[in-house]
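What TrEMBL says about this one:
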- 21-113: domain 'Ig-like' (DOMAIN)
- 146-254: domain 'Ig-like' (DOMAIN)
- 263-360: domain 'Ig-like' (DOMAIN)
- 391-520: domain 'Ig-like' (DOMAIN)
- 673-781: domain 'Ig-like' (DOMAIN)
- 816-837: transmembrane segment (TRANSMEM)
Amino acid sequence: LAFCRGRVVRVPKGPLIRVVGTEVVIPCSVSDYDGPSEQNFDWEFSRDTDFLRIVSTWDSTFTSEEYQKRVGHGDIKLRRSSNDAVELVIRNIQPTDQGRYKCSTPSTDATVQGNYDAEVQVKVISDGLSVSGSKGRSSASLRLSEGDSFKLRCSAITTSPEHTHLHVTWQIKSGSTWRDILSLTHEGKFQPGPGYEERYRNGDIRLDTGANDTYRLSVSQASSVDGGVYRCLVSEWVRGADSSWQKIQEKSVEIANVAIQRTDVVISTSNVSVTERDSLDLTCNITTDRSGIFQAEVMWYFSVSPDDTLSDAQVLLSMDRDSVVSDSTLISLSHVDRNSYRLLVRDVDVEDSGYYFCQAAIWVPLHNGSWHKVVERTSAPVSVMVTALEPDYGVFLNASKTPKFSDDPTELHCRITNAEDTEANIRFTVSWYYRQRLRSDDVVTEELLATMDADWTLLLGDRSRERTQNGEIIFSKKAVDIFSLRIQWTSESDRGDYFCVISAWSRQRNNSWVKSKDVTSASVSIFWATQDYTLTVEAVKLKPFFVAGHTFEMTCKVSSKNIKTPRYSVLITAEKPLTDQSNPNGTTRIISLNQDSVVRLEDWTDQTRVDGVVLEKVQENEFRYRMYQTQISDAGLYRCVVTAWSPGGGGMWREAVNGLSNPIQIDFQTSGPVFNVSVHSDSPTIYQGELADLLCIVTMEGIALEPDDMSFDVSWFAVRSFALDREPVLLASLDRRGIVSQSRRNGSSDLSLERISPLEFRLRVHGCEDHDFGNHYCVVTPWVRSATGVWQREPDIKAKPIFLSVKMDVLNAFKYPLLIGIGLATIIGLLSCLIGYCSSRWCCKKEVQETRRERRRLMSMEMD
């Protein structure tokens, strides 16, 4: 294929049949060439044997003398369609142009390959096509009514010597453009134009052929879009040598100018306003120039919105083409004249406000006696506003109860005054609103508290829903003309302006209620002056001097301002020194008494002195705190924390303000002994399974005490980390009575805690494991007996921790596994030898037959 590739010049396959006087276009293209992309072309013509040069794309002197005039006038020209294709255009072809046309391309190839020219035969025939209107008329005028039918005819015939086909198309001109209506193609197929497909399928547009080569266009149900100039466009087609259809000429003739008179439906009046209980009168007019026999069918519609469709609208009344009216009590429809229909609605009400429109259809009789609907139109909607008969009344709002303090009740009365026309057809409802008062000029929108609908159902707003459901806000109707709003316990957030809106509702014909009027009252301000709550608490120590073991007593006196009937709750707190290990935060809640005089122990954890603290109410504003048998550990600053409560809604108490008293200090001046604690171990590094001994040693400085006058609580703790960055774990404890307590352990090691001397305590860890490592320390609480025989608790003392390291004994760890491995290997080896011996002895033994040989001694040669 590569060797056979070369230049190819192509022209259409001939012969090309063309009609005299028409324009001929002969294309020529070249492919598979070398050189520049834009190629040049030469055209030549021959009637017999010699070729005459016509035109060239690159040589202006190429044209023969015979064709110079036609080429110069533009009757013959070349039109380039691309770099490798041109078209030879011959205008007004004549019989002398019949012959062979050759298209050639100058070579731009490196080697000569392929063809460089191509020829096509052109045959020129006479014009045998004639197109005319019906009866030879060139154009007619038709004036029709909308919905009528009409027919148009044109005649088309050809006397061409060739076998040609006609293509007939009916067109309409509306404006400046022609649009196809319906065509009968040269292949005998019907083809509707754009927008006429549905009408063609319905049979409203048809194209029929008749005698004498006539083509008839039939249009039924004519509409306004069918008005315009109609023409018949006929083209002549012939089948070429390549079996394709080619259009050789085209002619047209205007047939008629059709005018369509539109049928309109209008309502005689525009927007209408009537008063309730009056009558509504509307007239529907049909505008048409139809003079023949016809009947109208009218239907009246009502809708709330002007944009509603017929399916959404309500049918009021209808009259068919026989003038039969549908039944209705308050609505009537009458035929005023030939084209007018009157709608009368009696005793209108507010619900009749909306949009009214009518729909009219024109029916004409057919030859078989049946009726045919030719057109249907709907009028534009007319707005009808029915003005309600508003009752005349006023509204007055007053406050029967106003609050002076927070939580006082508030009651408002909304009264209807000067009411007239309040018969059974009028009903009143109320809506309550609240508006916050601001000192600035900012605009605050009102908030709906509650409203009533026509059947007196109460609808709550977001602001009052929860409080109304809880009974804190009550909406009621005191009398026929009085509505009430009561707030049981008014809070500061309720301060503001209140107003009510009285709505009048009118009863309709269907016993429904429609709101006809709203009247708003003047606002009532609910406000009271408020001052900041003031609470003062003073703590007084009743006994200025006391020693350990005596009773500590102080009183708290409370005074308040701007609080309505207050009650107080009291909490006693103590701020211990930072050396106290029992409370590292520094503040301890001891005992409290609430506003109902209920006493509760808070963080008091001394089980031996459960009844050692007492808090009581001496007077309404005075409270007394006692602590019996005080200890050295009770030293610190004591305060009274007082909360004032005021009565709230629903019998509840509301917190008003808090107060803190001055501190009262308990400080014991003592010259007793000073205790120190340390931890010691002879071997802080041990191996797993060994015994660890830890000693907690108490030393004493200052006054020496007898062993019977002192006792100690000892607790051992461990921190399982190299650094003290984890929570300590309690291991064991020994109280001053000698009772030992141990925490729960997860490992196999065990603990023992004992007192080995009055000032030494030993902790033993039996069978240490790797999780027993860490920092270990003890916490000692000394107890000293005073001269009065009372045991005093000294502050806790914490020893400096010592790190216990647990190592693994490699020899002991591998001793038993090695012994077990050697033993098992020995047993398996012996067992293997035994199995081998038994197998060779009994299982794998073979009988070997050997020749018996005699054993004789060798004899000396002398004896031989």
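Numbering starts at 1 and runs along the chain as it is shown here.
Backbone N, Cα and C define each Cβ position, glycine as well.
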Maximum Cβ pairs under 8 Å to the domain 'Ig-like' (391-520) - stretch from the list 21-113, 146-254, 263-360, 673-781: 263-360
Chain residues in Cβ proximity to the transmembrane segment (816-837) (below 8 Å; excluding those fewer than six residues from its ends, i.e. six or more beyond): none
Number of helical, extended and coil residues in the domain 'Ig-like' (391-520), per DSSP: 8 helix, 68 strand, 54 coil
Tally of DSSP helical, extended and coil residues in the domain 'Ig-like' (146-254): 12 helix, 63 strand, 34 coil
Within the predicted model, mean pLDDT of the domain 'Ig-like' (673-781): 87
Composition by DSSP (helix, strand, coil) of residues within the domain 'Ig-like' (21-113): 9 helix, 37 strand, 47 coil
